[in-house]
Amino acid sequence: MLKQATKQLAIQSMRSFSTSRQNNYKVTVCGASGGIGQPLSLLLKQNPLVTSLSLYDIVHTPGVAADLSHIDTKSSTHGYIGADQLGDALKGADVVVIPAGVPRKPGMTRDDLFNVNAGIIKDIAATVAKQCPKAMVAIITNPVNTCVPIAAEVLKKAGVYDPKRLFGVSTLDVVRARAFIGEALGVDPQQVNIPVIGGHSGVTIMPILSQCQPTFKGSADTIDKLTKRIQEAGTEVVKAKAGAGSATLSMAYAGARFAGSLLKGLDGQKNVVECSYVQSTVTEAAFFATPLVLGKNGIQENLGLPKLNDYEKKLLEAAIPELKKNIQKGVDFANA
Ligand code: NAD
Ligand code: LMR
C-alpha cells in the first residue's frame, strides 16, 4: 500500500516537474545573417534552454546554419532563406527575436530607418500571427519606439495580440549603463543594478541613476554627462564604425541576455526581471519601458516607474512627447 502511494507521488511530482519545466524551446531569429543576427545566433546556440534554433534571413542563412550546426550543443539548427520560407522558420516558435533591417550610418537618426524597416516588421509580424501567435516576440530593429507599435497593430488586426508577449529590446541601454557606471565606480559592472526606462532613442532613453545600486554619487554635472553618454551611446558606436553600421556585438550580447530571460520566464524560473519597451499604462505614452517580471505568459508584473528625483522628472517630461509621436507614427503606418 505504502509502496503504491510512494510510486503515485513520484509520478505526480514527475508530471508537475514536466509541466512546470519544459526545458525545450524553439527560438527563431529573423535577420539571422546580419551584424547582430550572427553573433546573437551563436550565443543562442549555447543556451541550454534552446532545443531548436531557426535562422531566417533574405540572404546567407544556409551557410550560417551549416556553420552553427557544427557546434556541440544540444540544439538543432535550421536555416530558412527568403520570404517563401518565413512561415516554416516561425512555425511553432516559442520565442522570436527580430534584428532584421537596416542599421544607421553617421548623421542618421534611428527614425531615418523607418521607411525601410517599418515594412519588414509589418511582414514578419503578420507571419508571426499565423505561425506562432503565442510566441514571445522581441523586436531589436530600429526605430524600436515605432516598430513595436507597428507589430502590435498587425497582431491586433489578426486577432492574436497579447500585450504581455510583445517586447521592444532596450536591454543594450541597461548593459551600457552598467558598463559605464561600473567603470566610473571601479566596481564589477555585473554587480551594478540600474533601471533604464522610457524608449530606445535619444531623450527617450532614461537611466535612473538615483536608483542605482551601488549608489552613484556625483555632482549635477557628472550625472548629466553620464546620462547623456548613455542616451547617445548608440551614436558613439555609429561614429566609431564610420559607415560600417551600428552596435552589433554588444547588441548580440544584450539580445541573447533578453531572449535568455524570456526563456527563463517561460521555463518557470522565479524573479526574472528585465527592463523592456512594452504596452504600458505607467505614463501617458502607450508604450514605455520599465522593469518587468517575466514568467510563463510573458509579462507577469510591470514593476512600474522607479522613484524619480527632480532631474529625472525633467527627463521624463522631455521623453513623453517624443515617445507619443514615435508611437503614433507606427500606429498610422500599420493602419494605412
Ligand atoms: P545588418 O544590416 O548587419 O543586418 C540586418 C540583417 O537583416 C541582414 O542580414 C539583412 O539581410 C536582414 N534583412 C533585411 N531585410 C530582411 C527581411 N525582410 N527579412 C529578414 N531579414 C532581413 O544590420 P544590424 O547591424 O544587424 O542591425 C539590424 C537592426 O538592429 C537595425 O535596424 C539596427 O538599427 C538595429 N539595432 C537595434 C539595437 C537596439 O538596441 N534595439 C541595437 C543595435 C542595432
Ligand atoms: C544602439 O543603441 O546602438 C542601436 O539603437 C543602434 C543605433 O542606431 O544606435
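Cβ atoms here come from the backbone N, Cα and C positions, even for glycine.
All annotation found in TrEMBL is predicted automatically rather than curated by experts.
Predicted, not measured: the structure shown is a model, and the values here were computed from it.
Helix, strand and coil counts from DSSP across the domain 'Lactate/malate dehydrogenase N-terminal' (26-168) read 64 helix, 30 strand, 49 coil. According to TrEMBL, the domain 'Lactate/malate dehydrogenase N-terminal' annotation covers 26-168.
The NAD(+) binding site annotation in TrEMBL covers Gly31, Ala32, Ser33, Gly34, Gly35, Ile36, Gly37, Asp57, Asn117, Ile140, Thr141, Asn142, Met251. Sequence-distant contacts of Gly31 (NAD(+) binding site), defined as residues of its own chain at least six apart whose C-beta falls under 8 angstroms from its C-beta, comprise Gly37, Tyr56, Asp57, Ile98, Pro99, Ala100, Gly101, Ile140, Thr141.
A C-beta separation below 8 Å, combined with a sequence spacing of at least six in one chain, links Arg110 (substrate binding site) to Arg104, Asn142, Pro143, Val144, Asn145, His200, Ser201, Gly234. Residues or ranges marked as substrate binding site in TrEMBL: Arg104, Arg110, Asn142, Arg176.
Annotation source TrEMBL lists domain 'Lactate/malate dehydrogenase C-terminal' at 171-333.
The active site, proton acceptor annotation in TrEMBL covers His200. A simple way to gauge crowding: the CB of His200 (active site, proton acceptor) has 27 other CB atoms within 10 angstroms, across all the protein chains here.
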Filtered binding-site residues, from Gly35, Asn142, Arg176, Met251, whose Cβ is under 6 Å from an atom of ligand 1
Gly35, Asn142, Met251
Just the number: how many Å between the Cα atoms of Met251 (NAD(+) binding site) and Arg176 (substrate binding site)?
10
DSSP state at His200 (active site, proton acceptor), helix/strand/coil
coil
I need the least crowded one of these binding-site residues (Arg104, Arg176), counting other C-beta atoms within 10 angstroms of each C-beta.
Arg104
